[in-house]
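Listed in TrEMBL:
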COMPBIAS  24-45  compositional bias 'Basic and acidic residues'
TRANSMEM  51-81  transmembrane segment
DOMAIN    55-486  domain 'Major facilitator superfamily (MFS) profile'
TRANSMEM  93-110  transmembrane segment
TRANSMEM  122-140  transmembrane segment
TRANSMEM  146-167  transmembrane segment
TRANSMEM  174-196  transmembrane segment
TRANSMEM  208-231  transmembrane segment
COILED    244-271  coiled coil
TRANSMEM  335-357  transmembrane segment
TRANSMEM  364-388  transmembrane segment
TRANSMEM  394-420  transmembrane segment
TRANSMEM  458-482  transmembrane segment
Amino acid sequence: MNLPAVVNGGGSGFPAVSVGSKRNKYERMDSDAERSREDDGETRNSRTRKYVMACAFFASLNNVLLGYDVGVMSGAVLFIQQDLKITEVQTEVLIGSLSIISLFGSLAGGRTSDSIGRKWTMALAALVFQAGAAIMAVAPSFEVLMIGRTFAGIGIGLGVMIAPVYIAEISPTVARGFFTSFPEIFINLGILLGYVSNYAFSGLSVHISWRIMLAVGILPSVFIGFALCVIPESPRWLVLKGHVDRAREVLMKTNERDDEAEERLAEIQLAAAKTQGSEERPVWRELLSPTPAVRKMLIVGFGIQCFQQITGIDATVYYSPEILKDAGIQDETKLLAATVAVGVTKTVFILFATFLIDSVGRKPLLYVSTIGMTLCLFSLSFTLTFLGQGTLGISLALVFVCGNVAFFSIGMGPVCWVLTSEIFPLRLRAQASALGAVGNRVCSGLVAMSFLSVSRAITVGGTFFVFSLVSALSVVFVYVLVPETSGKSLEQIELMFQGGLERKGGEVELGDAERLVRRKDQEF
């Protein structure tokens, strides 16, 4: 048995000291101090997580507006056609024009957010949309309805463009994909709420029902006012404007450790210094005449945004009643109930993507998404062409529509916005992201405004066969051009496109790996 060593005090007058007991006492003190530090660290981690999540939540509220408009218009248009006696062409213009109009909001959003900040651009988007929704709700004619649609489109364009940029700029590196996918979650939530609103108010009179459906869309933007009291300005925008101390305060709240916040601040200041050193060259000129690195970024960002829409997702969502009617469902109430199932599917699967996007990575999710969408679109085309108008055809059509939106939500939906918000350098980020959003909205508008006409010419089944071919091309695009950005800071992603990571011999990737390992057990 090991006994503690004892030191005799001899004649010195000091008592005998048990060395082993003393050592155990100090070890317990060290252990208690370590546990205290761990508890403090866990408390800060939890506080940081909640704070960033609240910022991402409130910043994403504008995206509910886009989703709600997409979902509610699919059902409201059935009653608008009866009440205002609009033609099929006017129906296509009404539905598709929002996407075309919103591109002007997205274009303006890049310059606006650089001037007044990300936070106040979100507030402006909410105010403009509120005005548009109010005008649409009381519109006595198609012309007035289109005026309201114009305001709503500009507001949505502003909101859709700025939310991913803002969230990417405040999020810690290891959880950026998770938080930046919030806007897509809220779009899907908005679509579901639009479908539920259609079903809930479909029993009212034709003159009243669609007006209430559209007016309800004002509510989410009201909460944006409360959001302004909670969310901070983007630290990267603050550094760009010379407010370094305010940026440090924000980074201290959005990063788990002080040293990490200082590291991020140093990277941002370095990027801002490069930006200020090239101020003599306007951003638009740099986008029109890009360097090789920026050209790669533009191809990836603009390309993925266009592919997100030309694979026909908005046609599936906007015209799901028409698609299911072509499959054999004729009762309007049953059609609207079936669209709720589509909305639920879309919302549920976006949640899966949210929790996988940082751990699995962007590119694997894109592979699963684009391949799955291609199979579902082809199968839907086959079903509508050869099996429609029967019980089997209706069931399979509903399954493949839900399958298409599910695969879209698990990859192409959220990853598209995450990529375009993180691949561009600080100086170009807002306006380049706006350019990507413009491509997205233009493609969405072209698909939405031509779907009915094209379907009349080559049938609904033929239209979805074309979408399946485009979706197959998107698989090739992802394989050849899209890089993996998971686990890298925004400044490191810029280096990757410039070839800097390879020149550093993997040093940056090693640092990323160390940070990821350190946070492996944290629940971001």
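Glycine is treated like the rest: Cβ placed from N, Cα and C.
The recorded stretches the transmembrane segment (122-140) and the transmembrane segment (51-81) share 3+ CB pairs below 8 A when only pairs 6 or more apart in sequence are counted, and are therefore in contact. No contact links the transmembrane segment (394-420) to the transmembrane segment (93-110), because fewer than 3 Cβ pairs that are 6 or more residues apart lie under 8 A.
Put simply, of 51-81, 93-110, 146-167, 335-357, 458-482, the stretch with the most CB pairs closer than 8 A to the transmembrane segment (174-196) is 51-81. Pairs of Cβ atoms less than 8 Å apart link the transmembrane segment (335-357) most often to 51-81, out of 51-81, 93-110, 208-231, 458-482. When Cβ-Cβ distances below 8 Å are used as the criterion, the transmembrane segment (51-81) is approached by residues 91, 94-95, 98, 102, 122, 125-126, 129, 145, 152, 155-156, 158-160, 162-163, 166-167, 170-172, 175, 179-180, 182-195, 197-199, 202, 206, 209-210, 213-214, 216-217, 220-221, 223-224, 226-227, 230-232, 253-254, 314, 317-321, 332, 336, 339, 343 of the same chain, each at least six residues removed from its ends.
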